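Participant: I have a structure I would like to understand better, so I am pasting it below and will then ask my questions one at a time.
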């Protein structure tokens, strides 16, 4: 009979091996399909070249996927008799976009790899990184090895995705629930340095806020009337097609577009970090990269969990 000491040692070794086997790694596809990441990069860069806004859209897909039960590709699933698609959640409906680019990537990668070995969840993570790089932002080593979920939840998406109307305490709590701290909150919010927002998301701030630059409010009202025009678009910062620090410089000037943007610089605990990012791009880039890696590690399916979908829009049967 094994001694308690030997039993504990064997248990520790087994756990260590299990952790190693099922943890995410930047080298996950090096042996099974070394061409996969280059294929993703080419398609993302071509898509962003055609439409600069697509970079922000692909980054947002990864974010909205990870916040709903982890980074598992659940956002990509269409509605069926048994699946209420997350695409129909309040924060996603008529808003999330870029699904056709993901479809294109999946088809090309499976063709190059000879079979479905790259998960849709991993494609989202890599496409987000490549989009940031395509718009002049930092790069990072994406940890890979996620598998795809077989379920989705519109109700969960409605309850956990952050709202553009949240104040700072609500934002801090929302990110904390995902294992992300205040530094992650501010860094990841910096993703709003690219992209556009619809009128209905910033109308209330434009007409009713007191912590807003009057000239900026007037400028935004020109494209967002009190009534109608809900889908009219405005840039989240002055350079929506370039990944830079303009977003944070805007916050310091009280020119944040969304209530949740300006909440980061409104006399609260995140003010100092916003200031730091506004004049120090290297600090922002470094923190953004770290936080993207951290976010990408939210409850991934690994090992034999989930599946590798053949079609990102539907479950394998």
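Backbone N, Cα and C define each Cβ position, glycine as well.
Unlike curated records, TrEMBL annotations are generated automatically.
Among the features that TrEMBL reports, signal peptide is placed at 1-23. Under the heading domain 'Plant heme peroxidase family profile', TrEMBL lists 23-316. Summarising the annotation, TrEMBL assigns disulfide bond to 33-113, 66-71, 120-312, 199-224. Annotation source TrEMBL lists site 'Transition state stabilizer' at 60. Look at TrEMBL and you will find 64 tagged as active site, proton acceptor. The Ca(2+) 1 binding site annotation in TrEMBL covers 65, 68, 70, 72, 74, 86. The heme b binding site annotation in TrEMBL covers 192. Here TrEMBL flags 193, 237, 244 as Ca(2+) 2 binding site.
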Participant: Identify, in sequence order, the residues in the chain of residue 68 (Ca(2+) 1 binding site) that are 6 or more apart from it along the sequence and have a CB within less than 8 Å of its CB; answer 'none' if there are none.
Facilitator: 74, 75, 86, 89, 152, 153, 156, 157, 160, 161
Participant: Based on Cα distances to residue 224 (disulfide bond), point out the closest of the recorded positions 66, 70, 193, 312.
Facilitator: 193
Participant: Which of the recorded positions listed here (60, 113, 237, 244, 312) have a Cα atom within 10 Å of the Cα of residue 72 (Ca(2+) 1 binding site)?
Facilitator: none
Participant: Counting distance between Cα atoms, which of the recorded positions 65, 66, 113, 237, 312 is nearest residue 192 (heme b binding site)?
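Facilitator: Of the recorded positions 65, 66, 113, 237, 312, 237 has its Cα closest to that of residue 192 (heme b binding site).
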Participant: Any idea what the Cα distance is from residue 60 (site 'Transition state stabilizer') over to residue 70 (Ca(2+) 1 binding site), rounded to a whole Å?
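Facilitator: Rounded to a whole number, the Cα-Cα distance is 14 Å.
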Participant: Identify all same-chain residues not among 193, 237, 244 whose C-beta atom falls within 8 angstroms of the centroid of the Ca(2+) 2 site's C-beta atoms; report them in sequence order.
Facilitator: 190, 192, 194, 236, 238, 239, 240, 242, 243, 245, 246, 247, 248, 250
Participant: Based on Cβ atoms within 10 Å, give me the single least packed residue among the disulfide-bonded residues 66, 199, 312.
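Facilitator: Lowest Cβ count within 10 Å among the disulfide-bonded residues (66, 199, 312) is 199.
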Participant: Cβ within 8 Å of the Ca(2+) 1 site's Cβ centroid: which residues qualify beyond 65, 68, 70, 72, 74, 86?
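Facilitator: Everything else in range on the chain: 64, 66, 67, 69, 71, 73, 75, 121, 149, 152, 153, 157.
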Participant: Do you know offhand how many angstrom separate residue 70 (Ca(2+) 1 binding site) and residue 312 (disulfide bond) by C-alpha?
Facilitator: 16
Participant: Between the recorded positions 33, 64, 199, which lies closest to residue 237 (Ca(2+) 2 binding site), Cα to Cα?
Facilitator: 199
Participant: Would you identify which of the disulfide-bonded residues 33, 113, 120, 224 has the most other C-beta atoms lying within 10 angstroms of its C-beta?
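Facilitator: Compared across 33, 113, 120, 224, the most Cβ atoms within 10 Å surround 120.
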Participant: What's the CA-CA gap between residue 33 (disulfide bond) and residue 244 (Ca(2+) 2 binding site) in angstrom, rounded?
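Facilitator: Per the Cα atoms, residue 33 (disulfide bond) and residue 244 (Ca(2+) 2 binding site) stand 33 Å apart.
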